[in-house]
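> I am attaching a structure below and will ask some questions about it afterwards.
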């Protein structure tokens, strides 16, 4: 069989990292990325890119932990390399604080991040409204530079990228042997996934270079994530809202909530509101499927529905998707050698 042709649909953090893992896992195949949006116009470009995973209710915890661990290990190695600044990856320390002690004092990811420990009484004095907290160091991915860095890596391996809106996976079957669906919220229409829903997130990007530590309220709604050039203040989680327009009332609410955690933010400059739609499901859709139409078969690998944890698990799920692509290639090669007999 000639080199298998693989099309990856979607060029957000999931699509680009999945394409990179396919190239690394299956070097004999040719990979093309098709997307109607590239950075800086993807959902990932709005995300804060903090590696603090959210839990998927319908995915076994050991699987989620493995995805997170693989992602953390991969990005930690980049943060310790000469590529760190170009890729926009750096370590950041801080606190997750709770108004009342959570049932689970040790989240499943506590031994993957660095130096996880309960906060001391002295540290908690910084947060008079909160009575329990955890201190740790994690990684932050500056999204636009990281996506551009991934694109550069892909181009260096010969991956082609085209701006193209894919309305139906069957439109690709005459050009490609295997389709990888990383369409994010676009999968709602593309494959009619009714289990996928948007969770609207509005954030503020502000200039406050004196704030060096992250602060995250335990409910995950209010957070302050310092980046290289700006700080991300959040946020919102509005289920089933498709609006991409920032709401001024929400901007004020986010700013006030963040100032109550870090009063010095009242002097922040250059406040910009951004909105993204997190592609959410109760579990990531990560599976092989063979579509069939009039006797024609089309192997598809799905990798979408990461919700608020896209950056936290992107490399782990991309590696799993690449393994599924390798299975599809083996099945195609098996059927072509049987056809010759």
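Cβ coordinates are placed from backbone N, Cα and C, and glycine is handled just like the others.
Residues or ranges marked as FAD binding site by TrEMBL: 166. Feature annotation from TrEMBL assigns D-dopa binding site to 223, 278. Per TrEMBL, domain 'FAD dependent oxidoreductase' is recorded for 5-324. Residues or ranges marked as signal peptide in TrEMBL: 1-19.
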> Rounded to the nearest angstrom, how far is the Cα of the residue listed as 'FAD binding site' from the Cα of residue 278 (D-dopa binding site)?
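Here the two Cα atoms lie 20 Å apart.
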> What average pLDDT is reported by the model for the domain 'FAD dependent oxidoreductase' (5-324)?
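On average, pLDDT over the domain 'FAD dependent oxidoreductase' (5-324) sits at 96.
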> Which whole-number value in Å describes the distance between the Cα atoms of residue 223 (D-dopa binding site) and the residue listed as 'FAD binding site'?
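So the alpha carbons of residue 223 (D-dopa binding site) and the residue listed as 'FAD binding site' sit roughly 35 Å from each other.
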> Return the residues near the residue listed as 'FAD binding site' by Cβ distance under 8 Å, restricted to its own chain and a separation of at least 6 in sequence.
9, 34, 36, 172, 183, 190
